[in-house]
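K.L.:
So TrEMBL lists the following for this protein:
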| type | residues | note |
| --- | --- | --- |
| TRANSMEM | 25-49 | transmembrane segment |
| DOMAIN | 26-425 | domain 'Ammonium transporter AmtB-like' |
| TRANSMEM | 70-93 | transmembrane segment |
| TRANSMEM | 113-132 | transmembrane segment |
| TRANSMEM | 137-155 | transmembrane segment |
| TRANSMEM | 175-196 | transmembrane segment |
| TRANSMEM | 217-235 | transmembrane segment |
| TRANSMEM | 247-271 | transmembrane segment |
| TRANSMEM | 280-298 | transmembrane segment |
| TRANSMEM | 304-327 | transmembrane segment |
| TRANSMEM | 339-357 | transmembrane segment |
| TRANSMEM | 377-398 | transmembrane segment |
| REGION | 442-466 | region 'Disordered' |
Amino acid sequence: MAEADNRTTSRLLADADLRDNIDDVFLIGNGIVVVLMQAGFTCLEAGSVRSKNVTNIVLKNVLDMFISGVLYWLVGFALAFGSGSGPLGSFFGGSLWAGGGVGDPGQPRMSKWFFQFTFAATAATIISGAVAERCRFVTYLCYSATISGLVYPTVSHWAWHPDGWLNTLGFRDFAGSGVVHLLGGACALAGCVFLGPRRGRFVGGEVQDLAGHSTPLTGVGALILAAGFLGFNGGSQGSITAAGDGVAVSTAVVNTVLSGAGGALCGLFAVRVGALSSPAWGFAVPTNAMLAGMVSVCGSVNSLAMWAAVVTGAVGAVFFLVLHSLLLRLQVDDPLDAAPVHLGAGLWGLFAGPLLSPDGILHSVTKESLMYLACNAAGALAILVWSLCCSAIMFTILRVSGLLRVSEDEEIKGLDVSVHKEPGYPVSAWVDSGLPGLPIPNPAPHKFNRPDRPPGTPLHRFTERL
């Protein structure tokens, strides 16, 4: 009898170990997909800036993952998922510093650390596009470390740790509409305000077009991000072996696609009817509207009906469009529309669940549905206040120290040459084929020698808009 009990116990332990291993693979696989979003952000941002700032923006995104990794290892994960003590335990974690104890029995597994790290890196990289083309490199290092090591981990503790005050209150944010995107968008907005607009963006109260240099690169980046959102939202279930996990993950993936479709079609309709400018089949607005749709559904992507996901994405696109127009009217320069996409749609995402989910207000006005709405409203306010205050303190210190913005001459020449000494598109590579025995083409048709360049005009003055 005892031998049979031992065999049963061994079998149960083996089954539990197998489930843990499957869940680890599930989280790691989805985390790898989320890491690829860094490539999406890189392409999106590189295509959206002028050719003289490509090296700068690419380097920022390459380093972002590794700066975030070190800071999240040292302090971020401890603040987010460490066990706190006393009243402060509801606000900050107090164990697992520098990864100590991660993976031990009763502690978070390595797969959870990896998946949550990808979220921290995503929150940090949202800002790089908003401050593009005029931000000092040391400022980038500071905000990337601060967001991934302090600002994001604190909010994720509030919302996703069992003892977090927002979690115990009843706040619900399945995949980070507020915790990741609202936070990142708010920090991006603060960066835009403190840095001020790019040179030549607003002249005489009029908005001047400083278009990015590569629409195809931007499109590739957007598609990579769209694919990354599938892992971002699907992996947020956290496991795949428990009852109902498969349904929740499948629902999240399908709703992510549908919300992106709703956002893209809404954005396409807006540009076609001329809501923002003269009517056209535009590219940039529908692309950002698609991303806004996917951002907005994150908060309740596992529970919405399919029609509700489409509606959520479409309304998220409207929030993006309204905030985009408002920032231009206020002469706030956001080259990537990071704040409209992530702050606007992320804010709406926290209210989409309380309104449209099966237990939401539009289905049944109950005490529970009203509390759902109130708790998410409180969470949205707390995230906004925390993010904006932390960002304001950080950017104020950098401004007072003279470390915030590049000089006018550096901005005119472009950060690739003035800061990194490595142009993204070297002139010599265009003019000289580099192959021995081949003649050097006549440089006369070169874009830097166009007839509309006045004689004697310094090269960097002529290329300021390139």
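Cβ from N, Cα, C; glycine included.
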K.L.:
Same chain only, please: residues at least 6 beyond the ends of the transmembrane segment (217-235) with a C-beta under 8 Å from a C-beta of the stretch. Say none if there are none.
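P.N.:
Sequence-distant neighbours of the transmembrane segment (217-235): 26-27, 29-34, 36-37, 39-48, 115, 119, 122, 174-176, 249, 252-253, 255-257, 260, 283-284, 287, 290-291, 294, 297-298, 301-302.
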K.L.:
Considering only Cβ pairs within less than 8 angstroms, which of the stretches 113-132, 137-155, 247-271, 280-298, 377-398 has the most against the transmembrane segment (175-196)?
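P.N.:
That would be 377-398.
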K.L.:
With CB pairs under 8 Å as the measure, which of the listed stretches 70-93, 113-132, 137-155, 280-298, 304-327 comes out on top against the transmembrane segment (25-49)?
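P.N.:
Against the transmembrane segment (25-49), the leading stretch is 113-132.
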K.L.:
With a Cβ cut-off under 8 Å, give me the same-chain residues at least six positions beyond the ends of the transmembrane segment (137-155) that come close to it.
P.N.:
56, 60, 63-64, 67-68, 71-72, 74-80, 91-93, 119-121, 123-125, 127-128, 131, 178-180, 183-184, 187, 191, 383, 386-387, 390-391, 394-395, 398, 403-405, 415, 419
K.L.:
Any chance the transmembrane segment (247-271) and the transmembrane segment (304-327) are in contact, meaning at least three CB pairs closer than 8 A with a sequence separation of 6+?
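P.N.:
Yes, since the transmembrane segment (247-271) and the transmembrane segment (304-327) share at least 3 Cβ pairs closer than 8 Å, they count as touching.
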K.L.:
Mind checking which residues of the chain, 6+ beyond the ends of the transmembrane segment (70-93), have their Cβ under 8 Å from one of its Cβ atoms?
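P.N.:
Contacts with the transmembrane segment (70-93): 99, 102, 108, 112-113, 116-117, 120-121, 144-145, 148-150, 152-154, 156-158, 160-161, 163-165, 168.
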K.L.:
When only pairs 6 or more apart in sequence are counted, do the transmembrane segment (280-298) and the transmembrane segment (377-398) reach 3 or more Cβ pairs under 8 Å?
P.N.:
no
K.L.:
Restricting to the same chain and to residues at least six past its boundaries, which positions have a Cβ under 8 Å from a Cβ of the transmembrane segment (377-398)?
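P.N.:
Non-local partners: 136, 138-139, 142-143, 146, 150-151, 154-155, 158-159, 166, 169, 171, 173, 178-179, 182-183, 186-187, 189-191, 194-195, 347, 350-351, 404.
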